[in-house]
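Quick notes on the structure that follows.
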Amino acid sequence: MTIPEKPQGVIWTDAQWQSIYATGQDVLVAAAAGSGKTAVLVERIIQKILRDGIDVDRLLVVTFTNLSAREMKHRVDQRIQEASIADPANAHLKNQRIKIHQAQISTLHSFCLKLIQQHYDVLNIDPNFRTSSEAENILLLEQTIDEVIEQHYDILDPAFIELTEQLSSDRSDDQFRMIIKQLYFFSVANPNPKNWLDQLVTPYEEEAQQAQLIQLLTDLSKVFITAAYDALNKAYDLFSMMDSVDKHLAVIEDERRLMGRVLEGGFIDIPYLTGHEFGARLPNVTAKIKEANEMMVDALEDAKLQYKKYKSLIDKVKSDYFSREADDLKADMQQLAPRVKYLARIVKDVMSEFNRKKRSKNILDFSDYEHFALQILTNEDGSPSEIAESYRQHFQEILVDEYQDTNRVQEKILSCIKTGDEHNGNLFMVGDVKQSIYKFRQADPSLFIEKYQRFTIDGDGTGRRIDLSQNFRSRKEVLSTTNYIFKHMMDEQVGEVKYDEAAQLYYGAPYDESDHPVNLKVLVEADQEHSDLTGSEQEAHFIVEQVKDILEHQKVYDMKTGSYRSATYKDIVILERSFGQARNLQQAFKNEDIPFHVNSREGYFEQTEVRLVLSFLRAIDNPLQDIYLVGLMRSVIYQFKEDELAQIRILSPNDDYFYQSIVNYINDEAADAILVDKLKMFLSDIQSYQQYSKDHPVYQLIDKFYNDHYVIQYFSGLIGGRGRRANLYGLFNKAIEFENSSFRGLYQFIRFIDELIERGKDFGEENVVGPNDNVVRMMTIHSSKGLEFPFVIYSGLSKDFNKRDLKQPVILNQQFGLGMDYFDVDKEMAFPSLASVAYRAVAEKELVSEEMRLVYVALTRAKEQLYLIGRVKNDKSLLELEQLSISGEHIAVNERLTSPNPFHLIYSILSKHQSASIPDDLKFEKDIAQIEDSSRPNVNISIVYFEDVSTETILDNDEYRSVNQLETMQNGNEDVKAQIKHQLDYRYPYVNDTKKPSKQSVSELKRQYETEESGTSYERVRQYRIGFSTYERPKFLSEQGKRKANEIGTLMHTVMQHLPFKKERISEVELHQYIDGLIDKHIIEADAKKDIRMDEIMTFINSELYSIIAEAEQVYRELPFVVNQALVDQLPQGDEDVSIIQGMIDLIFVKDGVHYFVDYKTDAFNRRRGMTDEEIGTQLKNKYKIQMKYYQNTLQTILNKEVKGYLYFFKFGTLQL
């Protein structure tokens, strides 16, 4: 059928119009990010109904998630209703409003489930089956693997013995079990899992396939050998320009001859490469050589660097790809064949037994959905069944969203119910292979790529391909910079798809013409000498500064009104590859009182409230586990003190278990009676809960614990109470879900939790923040897919790719199979095998390709502005990245394949564009003006140097709260209506004062006034402060190992508090004696001296401020104060404030009748390049001006005299206010 002509004035682009109306053959729509694919998909469905008269239930629409399916169905229903209202006499539209409820708009799993429910008789299964929960499936599969391994231990086949010796350790079979599990999940992602498993051994037995693997490695090694040869020639060219380097040139000449032999005829001579030594040592560069080439020092260093690069590339090829002769590699494959075959047999046994167990329990999992559906739709020979033919007749079109994320089982299911071949089929597929980021879920992007390469724009002879490239989301600066990065980063070799004109993004959004460049921020870490913060913590602080800058200076454009509004918290998202940085960000945002939310799938089991409940459950299950028993005793529930625990243990120090020590203490006549009563009550509780757990499900046990000890109420009252409460209810709900499975009991529930923790799975902290809540969000790139935000901060760019799987003894790949290292049982030595080397190389290439696609997803989330945050140890590494090798229009293949992280590539590409110092052969273009507008980058690159003095943390040892202090509220028995009405109508005359805190610290007032100055509601800010309190570390942790930054800050304050002031100044020797005295008096810990910054204190002693204080008439240290805030703020009469201000001033001195206060400060700040001390001083003064003003006003109120003040920063110096 031909595509109708597009009328004038329609909103659709030409490509969108074709996507809506193309028919008569299979259609693949390559929809780039922000190109409106969902709108196109909905419009196509609507036009099928309105224009072609097709009933909505005759269309099968497959989405990736249930949420997408619901949204799609809602949109279609809405459009049908609108059309029906416009044409009320249309009977066809009226029918669609009824049929929409039966429409097949769902995930493929939902479609499969419906298929099974309708045709369960074909499968010979009980129709009353249910879907297994995650908990049940995990436990059942683990149980099955354990049982199957035990069965094979009974058989003790020689191949099995060799497998266990290779893949198990002396202590456990954990690695062996993990490999079996991975193989199971890989296999069931194929239409015929057992056939896939049977084929794993083929490369180990057939020489033809082994030859293919050697060729694969040869082709890959050619990339690195060619790059090595280029580096060697560059070294030669550079040395040729110099004097007195004949010996160096002679070595390089020999290497060039060897390399010429390896590359002779354009082929790689692998036997010659492995049979000869390469990379001879280069003679030292002597002082005489440097003197002779004093004008070419940089070139000399570059020549050495190029030769070093040559050696490393050759070493990589020889060690990673051809560490052994080809014949030896083939021989190893023969030795491994029986082991691989036996491993496949074990996995098939697991598969069969796992299926048997599921059938006996009458449960199905998601894998069963797909394979049972396939069983219904195919005959034994693989051809479509009669049922499949009926579905082919029924569905007039099949529409698949997110096609790039399908696997081969799902592809087979779709092929069974579609009609025709590609040239005359009815399959409509939408997706973007550049956003295929779910390989860990067995998604297979090659399915999309194969069709993309096979289909044509005009659709002649095969399927039709349509490229949706116009982006309606982002500003042109975001798009052009993204295009430029990927034009030089992604191709078929690395990235699996060519980023050409068809793939790139074209501007289509109606923004104004103002300039909003992409910002690439490079943070140069401060070393340990200049900062107590780790590199990750420094980056977190830096990100907060970017957020503050956005809130203060940036606006958001409204496309509908054509006007700007101020940026708010919810306009900003921080994207990271994983949640590894979440804790640092939470703390950094908390320090600045910026509302911040992480919807993490990690960290749930680390939450204090969850750990408490799990300790309780473990102690009830087995009180002989000391960690959990003592943890429960020390918790807020039972509140045993350290001294009490010590008393118990001292009485019987040789007991194996602490529980025994408790029993022995209770029975000891000399024991403390009060402690004995407390212990008896505790043990009574334990025994009572144990008895309760025998007769009740886990969720009821948890509920009883919550109610008995007011657990929900207690944690709800802490900072972050909403989230803590949600976490507690989340654990309760998980217990309910667990009890609904076929497993029962406390032991099984704990085992399930342990399995999740051990394998790194997590429930994630419960989400208590809605999509419209005004908070800064952090999310992973995966969870951001499909979303958009005005401001995107893409951070963590310098975090290395996770290549842990590449180091495993077994490498799995859907296309190639299984690569197992060779293990010599007699010598107990492991070697890379031909298969493991080849598949490891393939896996690394696929991993880097997927990481590139993740970068693409991250960059294309930004609507208005994009911030890229990288971090380096020193700025010298940036020069190396600028000089990264290129090949044609791309960063060289070897550089991309070995790239450690995204920053490595992004900075190299963008810095080359801006650099004026690198030679032309390292640039992509000689003239920037030659770049087309659509891919001309608009980016600001800034390098920021982090300088820091430890942030100050005030710890309160006196605050202690207990659930036992909660009082039970008593209901009154008053029933006189008049009295009730009088009480309900009563209005408290001082209601405004109730909204004011009775006591505030100066720091709290500082935060309040800062947020008021910025136009932010302070109460709103406080409401969203992250729920992580700062508690002092236990003494035994503080006394051992490295102190944290806040502990060092407290230590420095303690030293300054007692520091003597002498007119002649104290010497360094006297300072050491003074600190030894503090240790002797137990004012500071014995091991504290190593953490005291002596040089900084000596700097203070030698300062002018020290001299002024030493000559003062009076000196007061650590002076506490409490004063009425109304007096300090000088409020008018009638506006008195009931609040009081409480604080502590580090030091006050009196000189010449004038009172001065001194506040010692520790702080973190960014010293940007070129920043003067005066500018930093102004910055720090502004930061503390509110706090210092309160100190000044407070002292003037108390003393009724003029007061002046100083700030002293340990690493910066004195600032007078």
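Glycine is no exception: its Cβ is also placed from the backbone N, Cα and C atoms.
Sequence-distant neighbours of Thr38 (ATP binding site) (same chain, six or more apart, CB under 8 Å from its CB) are Glu71, Met72, Arg75, Asp401, listed in sequence order. According to its DSSP assignment, Thr38 (ATP binding site) is helical. According to Swiss-Prot, the feature ATP binding site maps to Ala31, Ala32, Ala33, Gly34, Ser35, Gly36, Lys37, Thr38, an assignment based on sequence analysis.
Averaged over the domain 'UvrD-like helicase ATP-binding' (10-475), the predicted model has a pLDDT of 93. For 10-475, the entry in Swiss-Prot reads domain 'UvrD-like helicase ATP-binding', with the evidence type sequence analysis.
Residues or ranges marked as domain 'UvrD-like helicase C-terminal' by Swiss-Prot on the basis of sequence analysis: 476-786.
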ATP site, defined by Ala31, Ala32, Ala33, Gly34, Ser35, Gly36, Lys37, Thr38: further same-chain residues with Cβ within 8 Å of the Cβ centre: Val40, Asp432, Leu468, Asn471, Phe472
Using a Cβ cut-off under 8 Å and a sequence separation of 6 or more, which residues in the same chain sit near Ala33 (ATP binding site)? Asp432, Lys434, Gln435, Asn471, Arg473, Leu505, Tyr856, Val857, Thr860
Helix, strand or coil: which one is Ala32 (ATP binding site) in, per DSSP? coil
List of residues, in chain order, with Cβ under 8 A from that of Gly36 (ATP binding site) and at least 6 apart: Gln16, Leu468, Phe472
Here the binding-site residues are Ala31, Ala32; which one has the lowest number of other Cβ atoms no more than 10 Å from its Cβ? Ala32
